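According to Swiss-Prot, the features are:
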- Ser59, Thr60, Arg61, Thr62, Gln86, Arg110, His137, Pro138, Cys139, Gln140, Cys273, Leu274, Arg301: carbamoyl phosphate binding site (BINDING)
- Asn168, Asp232, Ser236, Met237: L-ornithine binding site (BINDING)
Amino acid sequence: MTMYAKNNTAGKDMLSLLEWNKEELTDIIKLAVAMKTNPAHYSHILSGKILGMIFDKPSTRTRVSFEAGILQLGGQAIVMSSKELQIGRGEPIKDTAHVMSEYIDAIMIRTFSHEKVEELAYHAEIPIINGLTDLHHPCQALADLMTIYEWKDQLEGVKLAYIGDGNNVCHSLLLAGAMVGIDICLAMPKGYEVDETILAKAENLAKQSGGKIFVTEDPKLAVTDADFIYTDVWTSMGQEDENAKRLADFGEKYQVNAELVSGAKPDYHFLHCLPAHREEEVTAEIIDGNHSVIYQQAGNRLHAQKALLAAILEAK
């Protein structure tokens, strides 16, 4: 089976999803589903490949899913932090990128500044995967799309409501959804909107795909007839000093609770990228309830990233 070679995606970076088109993204999702269904078929396709993983931020899902993923495809992983590399002592990113390109086949980096990832990709001769930055979290968006596809057997025309902070997760979800034709409703208070440049790019993608984007401060309006309701923490890593203000600004109005979800479709599903703060952005009743698919969603990080690795590393 050569499904992973359908598009010429070998060597491509995954920085913000904008490097990819709708067909390529859809193929990644379908390949991920195939890998989940029949993992043994793909167990040696990346034999001899080495993935370097650099972490500047703590990680559970990103680290374990990428490390397990490359191993399950027959490859290997080397896990590092910037503190363990010369880059942590002032070596230019340019030098690190060129040297790492001599040793390994791809780099996944989880860091703070998106500019750092872009600079690494500019100088590297190997694919760079963004494992999370302050602006984007594309690998999470791949898992989100896969989860939606598994439940609906399609992406176009699905209605998704995102309630909360216009953060990196929201940015990538917005771009991915717009690219594949999902109707996205965003609800967030003033001061927590998505980046204007990213929103403009998403709106352009939606015009091409037939998707719709609607932005409001009213979460009840956003969830009306929604197929999926998505939220994330109100305070991300590095924003701990703002926690009290953020809790006050979001308040009960933006909490995903029984009253809010009553406006969605009866068979709606709840999504959260995790980790979650129960009784803040979502009640335990909802996140632990029958409509929640958060563990399936988290599990799909593994399969979506395996498909991504196969696509960019010239799988055998």
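Cβ atoms here come from the backbone N, Cα and C positions, even for glycine.
Distribution of Swiss-Prot features across the structure.
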| residue | record | Cβ within 10 Å |
| --- | --- | --- |
| Ser59 | carbamoyl phosphate binding site | 16 |
| Arg61 | carbamoyl phosphate binding site | 21 |
| Gln86 | carbamoyl phosphate binding site | 12 |
| His137 | carbamoyl phosphate binding site | 27 |
| Cys139 | carbamoyl phosphate binding site | 25 |
| Asn168 | L-ornithine binding site | 25 |
| Ser236 | L-ornithine binding site | 17 |
| Met237 | L-ornithine binding site | 12 |
| Cys273 | carbamoyl phosphate binding site | 26 |
| Arg301 | carbamoyl phosphate binding site | 26 |
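Of the chain residues outside the L-ornithine site list Asn168, Asp232, Ser236, Met237, Leu132, His137, Asp165, Asn167, Val169, Val233, Gln239 have their Cβ within 8 Å of the site's Cβ mean position. Binding-site extent for carbamoyl phosphate: residues Ser59, Thr60, Arg61, Thr62, Gln86, Arg110, His137, Pro138, Cys139, Gln140, Cys273, Leu274, Arg301, maximum pairwise Cα distance 32 Å (rounded to the nearest whole number). The binding-site residues Ser59, Arg61, Gln86, His137, Cys139, Arg301 include none with a CA atom within 10 A of the CA of Asp232 (L-ornithine binding site).
Around Asp232 (L-ornithine binding site), taking its Cβ as the centre, 26 other Cβ atoms fall within 10 Å, counting all chains.
A Cα-Cα distance of 15 Å separates Asn168 (L-ornithine binding site) from Ser59 (carbamoyl phosphate binding site). DSSP gives Ser236 (L-ornithine binding site) a coil state; it is part of no helix or strand. Reduced to three states, the DSSP call for Asn168 (L-ornithine binding site) is helix. Farthest C-alpha pair in the L-ornithine-binding residues Asn168, Asp232, Ser236, Met237: 12 Å apart. Distance noted between the C-alpha atoms of Met237 (L-ornithine binding site) and Cys139 (carbamoyl phosphate binding site) is 18 Å.
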